[in-house]
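S.K.: Here it is, the structure in full.
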Amino acid sequence: MLSCSSFLIFFLFSWVLLPMKSFAIPIISLDKVRLAINDGASEQLPVVIWHGLGDTPTSFTLTEVSQRVQKLTKGAVYAIRVGDNEFEDIKAGYLGKLEDQLDEVCDLIGNEDSLSNGFYALGLSQGGLFLRALAQTCDAAKIRSLITLGSPHSGINTIPGCSPTNLICKAVVHSILGLGIWHSWIQNHVVQAQYYRTEKQYDKYLENNKFLTHLNNEVLHDNYTRNIEKLKELDNLVAVSFERDDIVEPPYSTGFGWINETTGENIEMEDFVLYESLGLKDLVNQGKLETISFPGRHLQMRWGDFDALVLKYFKDEKEEKTELEESTRPSNFLSTYFVSPLVSAIDGTVDYLHGKSLFPEKRNFKELTMRKRSIVTPEDSEEVYPYISEFVAASNVSEEKGPKSFANLAFITIFSHFFYHIDDMWRSTLGLFSLIPQIIGIIYLTVMFTGRELDTFMQFGGQVVNEFINYVVKVSLKYPRPADIEYGVGYGMPSSHSQFMGFFSAYMIAWDYKYRRSQCFSMLSFAKYAIYLTLSTFVCSSRYLLDFHYLTQVVYGYMIGFGVGLFWVYLVGKLRSLGVTKWLLSLPPLQFFYIKDTIPHSKDNHKRQWLESKQFKNQKSN
């Protein structure tokens, strides 16, 4: 799910600035996921996936989830897309009438021959709520088993949250909730308002909400009995919750529960109104309804746990072994002459430091991924999640985080992202520290296109090479991140943020030593170096304290980046002495943009230009 700021932006742009044609019912399609397997000849029932708020079937994470499901089940996988492009699909997650969208999806499923004999369904976040609505209202949707991950079955009592530092977002949401949430236009056009529920205004909810009240049988309506009977047709309904869900409020809604809005106490499913009104009691007695809770945040789970759910509830024929294809590996040249020596050096250094007790926490990364913060291992999972251990053992699926495509890792590495943590100023501040590399990247681009100095372009080129090295090492080592990391973000050794800052610090300090040696021991220079190292400390600390990386991953990321930065200063200096930079400056494209190489050869360049500018102004005034 996206933040409330995104909700407001989509709301304003879609209904105020976009043409009136936006009011039309959007196109809905089923995008079939295809891999290099013969899914057409398989008798395995297909799987239909409906993504969550702010996502699309073509996003990195959804693509990987879809492909993983297909590899595990060896059957066809379809992803529901509302709209004829990604923007329309994201917009439909915020704006539109749910009844219209569900009717369109129902018709589409009815016209898809491969779904006529039934299918399995996987819903992420609000997509799970919509799939349950299909199961209850659409005769064509012959869903066998439905798994919902973090889906607000009982509704939400607040719009998906703002960060604690975004006061404008909070003020606007407060106004919407206080003044307009029950307005007929809001109820017919804002998706989240259609499953908004609060017992503080329960009468208004029952009177004005036409989607969730009917779906959950909280009011009498024509399809009251049909809702109950249609749910009973499911073989399995699996509601997965996340104990620290910071998107769905209250988080107990994902397990058909609620919260006492006065005392804040949890209301279990068995004590909530839906247990009787929706026939959940009968489903429990028949063994068809299972509620499962994982320790993480919203949609945060291990690949192994995800695989176990898919194998148990979506696999027609249980096989003794299901192996996933390995991610794309580096070329033989890189692996032989670069990756292997670097990996050996890292492992050897870890062993040495461990032997010296400098890093007594040397870790079995696989074991840590399964054990940290109550994430159970296959050995003790039988006690906590008995249904999982059987299928983890049977499938032999890796417990590591799933591999990422190069584009995905490049996006995460260079541009990154972090999650706002509602009502947690400390974690939000740490998250902002994680954006320091992105701020430095913007400064790079600004200086390159305003100063047009070749030396700056060379430094930025070194940062890009440094990021590529980070990617190669990550996919070679395949060390997972901590178990608390948000779902599906990739490998963790070494930390790219730390490696970025290591390169930046080393390059800036080494460059001063090489080209400004007479000044590098001045108080001003020491102040600059202190700033570089302080920024690096902020970034590295945030990556560890926010559980994006283990401490060793942060330390080695910084060490690798520092080493690459020192080497890059040497390399650029060597190229300059060999005349390569002079040759580059003679190239027509660089001459066209007036690229120059003056910084290394002139001291006090900025002061000189400032004096020249001042003299020019004085002459002009005279």
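Just so it is clear, glycine is given a Cβ too, placed from its N, Cα and C backbone atoms.
Below, the features straight out of Swiss-Prot:
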ACT_SITE  Ser125  active site
ACT_SITE  Asp245  active site
ACT_SITE  His298  active site
DISULFID  Cys106-Cys138  disulfide bond
CARBOHYD  Asn223  N-linked glycosylation site
CARBOHYD  Asn260  N-linked glycosylation site
CARBOHYD  Asn396  N-linked glycosylation site
SIGNAL    1-24  signal peptide
TOPO_DOM  25-405  topological domain 'Lumenal'
TOPO_DOM  450-488  topological domain 'Lumenal'
TOPO_DOM  512-519  topological domain 'Cytoplasmic'
TOPO_DOM  541-552  topological domain 'Lumenal'
TOPO_DOM  574-622  topological domain 'Cytoplasmic'
TRANSMEM  406-426  transmembrane segment
TRANSMEM  429-449  transmembrane segment
TRANSMEM  489-511  transmembrane segment
TRANSMEM  520-540  transmembrane segment
TRANSMEM  553-573  transmembrane segment
S.K.: Compute the C-alpha separation of His298 (active site) from Cys106 (disulfide bond), stating it in Å without decimals.
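M.R.: Answer for this pair: 28 Å between alpha carbons.
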S.K.: May I ask for the distance between Asn260 (N-linked glycosylation site) and Asn223 (N-linked glycosylation site), taken between their Cα atoms and rounded to an integer number of Å?
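M.R.: It is 28 Å, counting Cα to Cα.
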S.K.: List nothing but the one residue from Ser125, Asn223, Asn260 whose Cβ has the fewest other Cβ atoms within 10 Å; the candidates are the recorded positions.
M.R.: Asn260
S.K.: Long-range same-chain neighbours of Cys106 (disulfide bond), Cβ under 8 Å, sequence gap at least 6?
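M.R.: Those within reach of Cys106 (disulfide bond), by Cβ under 8 Å and sequence separation of 6 or more, are Leu134, Thr137, Cys138, Asp139, Ala140, Ala141.
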S.K.: Using Cβ atoms and a strict cutoff of less than 8 Å, what residues sit near the transmembrane segment (520-540) while being 6 or more residues removed from its termini?
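M.R.: For the transmembrane segment (520-540), the list is 433-434, 436-437, 495, 497-498, 500-502, 504-505, 508-509, 512-513, 554-555, 557-558.
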S.K.: Over the topological domain 'Lumenal' (541-552), work out the mean pLDDT and round it to an integer.
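M.R.: That region's mean pLDDT is 81.
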S.K.: Note down the number of other Cβ atoms within 10 Å of the Cβ of Asp245 (active site), including every protein chain shown.
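M.R.: 23, counting other Cβ atoms within 10 Å of Asp245 (active site).
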S.K.: When the topological domain 'Lumenal' (541-552) is classified with DSSP, how many of its residues are helical, how many are strand and how many are coil?
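M.R.: Across the topological domain 'Lumenal' (541-552), the residues distribute as 7 helix, 0 strand, 5 coil.
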S.K.: Go ahead and report the DSSP secondary structure tallies for the topological domain 'Cytoplasmic' (512-519): helix first, then strand, then coil.
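M.R.: Tallying H, G and I as helix, E and B as strand, the rest coil: 4 helix, 0 strand, 4 coil.
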